[in-house]
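According to TrEMBL, the protein carries these features:
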{"type": "DOMAIN", "residues": "1-183", "note": "domain 'Myosin motor'"}
{"type": "BINDING", "residues": "GLY60, GLU61, SER62, GLY63, ALA64, GLY65, LYS66, THR67", "note": "ATP binding site"}
Amino acid sequence: GIVLVAINPYGQLPIYEQDVIYAYSGQNMGDMDPHIFAVAEEAYKQMARDEKNQSIIVSGESGAGKTVSAKYTMRFFAAVGGSASETNIEAKVLASSPIMEAIGNAKTTRNDNSSRFGKYIQIGFDKRYHIIGANMRTYLLEKSRVVFQAEDERNYHIFYQLCASASLPEFKDLGLSKYFYLA
């Protein structure tokens, strides 16, 4: 299959804006510069042409930008695939990212917002190739981070969000103020 090598610039670049999505939409692979949107467009076209499921595998080391690349791919599908209903499914898929990141991301020595698990995201399309739903599964969760924390690293973000809410009545029984991580 097609392989795209991308690097994480650790900052926002104008090469992922809406106008760039539309520039790659409908183009053939190789007609434009290599880009995550070109890979997404090729998968989208093959899905429509061959009526077969497609996969995009995003792989790399910690801090390489895998989660961001997956988000850009979903944004591309949301823009070109649209939604078959008024409920804006594509917006819901993209809106789930901050929740997903709070539960599974942590600060490491290489990345302040590093995903500590793999994600399998399945996006469903109808016969007109509009997004009709999505399913996300996680795997290889770093369970060791729950009981151990390396020097200069932080636990999962959700841990600190829970601790910030520790004074609320519904969280009192959790005993969150007892962790040495907070010292």
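Cβ coordinates come from backbone N, Cα and C, glycine included.
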**Item:** Neighbour-count leader, CB within 10 A, binding-site residues: SER62, THR67
**Value:** THR67
**Asked** Hey, of the binding-site residues listed (GLY60, GLY63, GLY65), which one tops the CB count within 10 A?
**Response** GLY65
**Request:** Would you mind listing, in sequence order, the residues at least six apart from ALA64 (ATP binding site) in the same chain with a Cβ closer than 8 Å to its Cβ?
**Result:** ILE7, ASN8
**Prompt:** Neighbourhood of the ATP site (GLY60, GLU61, SER62, GLY63, ALA64, GLY65, LYS66, THR67): other residues with Cβ within 8 Å of the Cβ centroid, in order?
**Reply:** ASN8, ASN111, SER114, SER115
**Request:** Count the Cβ atoms, other than its own, that fall within 10 Å of the Cβ of LYS66 (ATP binding site), considering every protein chain shown.
**Result:** 20
